[in-house]
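K.L.:
For reference, the structure I am asking about is given below.
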């Protein structure tokens, strides 16, 4: 099959712009590549210079480690963005498989967006660990450009009567929402930290625990990915494989996890409960309410993780059923019938009927299930230890 960005059938009719530049689907897809190329060209030199500089290397005890506003939300949105982009790449490959020539614009912009999304979170992590927020201006420009170009594509889909029955329309709408929310997160960082557009930036000091080299338990301070995978513990794991580790190697606990801190938290919750109780009734009910006020949120978070893990357990049998059902229909060949803007569009039903797509979804579901399950265990055990230390 001939290889071309817009395809080579119909004597390159896909390159014509007689009805308007923005009414050409291939040109709109090419326009969506611009923000991702911009970010890759801007951030790669900064990352290489940062990693090559001894002063900005990220050590396990980085004294400037600081979470910017919206840290966890940014990571969650980035994970969702990566998942939607993987679906967009798969949808483009399925649509391209039934054309006379290869249309790179169906999946190459999504591939570039995936690379840019990974680069953006790596770039953000390095800026966060060095506490130099002025470099986030590159991400502000990137999210703005990505949101504008993706919105143009979504509007053009609406102009050509492309609706929710086509998967590409739904994925484009989700990308508009995700890019818009990431842009709002970036604007919120500017509003809180005031590193640009303000005369007096707001200085924020890193946590006191990171200034103490004796504190080596860094779970509360690392990013969301490292929290979920315990990547920061690699040094301990390698040391434990060679020789038994003692308390000196583990170091001191962070202030928030020490018994005195949890005791003070429980006392404050109990005193607040006593002042709130007008009738002055004491007993087991007041104690349980104080415990719930002091440690209830963490237990609710643990329960939420467990519920999500149990719900993801249904994905495995459903995906396996779909794969077996697809393989049993050997004579049915995937042929999208809907065509807009000169290319085929895949429906959600056709997309989920593909065995390869279901295999990838099965892998991701199992990965998320184990992650949520482990997070539930960790939060429950940590909360129990803190509660025991507070009571004793």
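Every residue, even glycine, has its Cβ placed from backbone N, Cα and C.
Keep in mind that TrEMBL annotations are predicted by a computer and have not been checked by a curator.
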K.L.:
Kindly point out the range from 33-52, 53-72 that TrEMBL annotates with transmembrane segment.
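P.N.:
Of 33-52, 53-72, TrEMBL gives transmembrane segment for 33-52.
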K.L.:
What range among 161-185, 186-210 does TrEMBL describe as transmembrane segment?
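P.N.:
Checked against TrEMBL: transmembrane segment maps to 161-185.
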K.L.:
Which residues of the chain, 6 or more past the ends of the transmembrane segment (161-185), have a CB below 8 A from one of its CBs?
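P.N.:
Apart from its flanks, the transmembrane segment (161-185) reaches 69-70, 73-74, 77-78, 80-81, 84-85, 87-88, 91-92, 95, 113, 140, 143-144, 146-147, 150-151, 153-154, 338, 340, 345-348, 350-351.
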K.L.:
The transmembrane segment (307-324) vs the transmembrane segment (136-155): three or more C-beta pairs under 8 Å (separation of 6 or more)?
P.N.:
no
K.L.:
Below 8 angstroms Cβ to Cβ, which residues of this chain, lying six or more residues outside the transmembrane segment (33-52), approach it?
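P.N.:
For the transmembrane segment (33-52), the sequence-distant neighbours (Cβ-Cβ under 8 Å, at least 6 residues beyond its ends) are 108-109, 112-113, 115-116, 119-120, 122-123, 126, 130, 135, 138-139, 141-142, 145-146, 149.
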